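First comes the structure, then the notes that go with it.
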């Protein structure tokens, strides 16, 4: 049986001998740098999954407070990011990181734990995570631009769009008093160190 995938205005069947085209670009299973694209999709899928779990933890604690709608709005965007990377995982036959169960538990614990510090703690977590993710997306953008910006045009556009939305979340966190969290500098540094370790491991495992 063949499955049907739709990206943009292009519909493709895929099976053992049929390539998948990503939207209207020249990016197919046959002509991409498979190792690089596998790493990008795997780690970005893991990152968006982790972000969803963090926000789920924050909503569990703060969902009924005045900041609940702010967290929910960010969570809705992260759900859209995760949905897109779920589609790309199927389209480009990328396996998820084996650490998904760990990110499930740790993401929720981080979100709930920082939310227990109050609105400021949750927003400090958001600032730390989103700043790290935006830097990571920028690294991917540079790499794809150096390799072949025309071939990877639509993947680049997707990553840039998601990066910009992560930066909006970062600014939202600052606006909602992230810097007033207890031991803000230390908390931010610890969370970012954990994020960088998660990125490193998710790319490789």
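Here the Cβ of each residue, glycine as well, is placed from N, Cα and C on the backbone.
Feature annotations, reproduced from TrEMBL:
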| type | residues | note |
| --- | --- | --- |
| BINDING | 48, 78, 81, 166 | Fe cation 1 binding site |
| BINDING | 78, 130, 166, 169 | Fe cation 2 binding site |
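Ranked by how many other Cβ atoms sit within 10 Å of their Cβ, the binding-site residues 78, 166 place 78 at the bottom. Scoring each of the binding-site residues (81, 169) by how many neighbouring Cβ atoms lie within 10 Å, the top position goes to 169. Excluding 48, 78, 81, 166 themselves, the residues of that chain whose CB lies within 8 A of the CB mean position for the Fe cation 1 site are, in sequence, 47, 51, 52, 77, 80, 82, 133, 162, 165.
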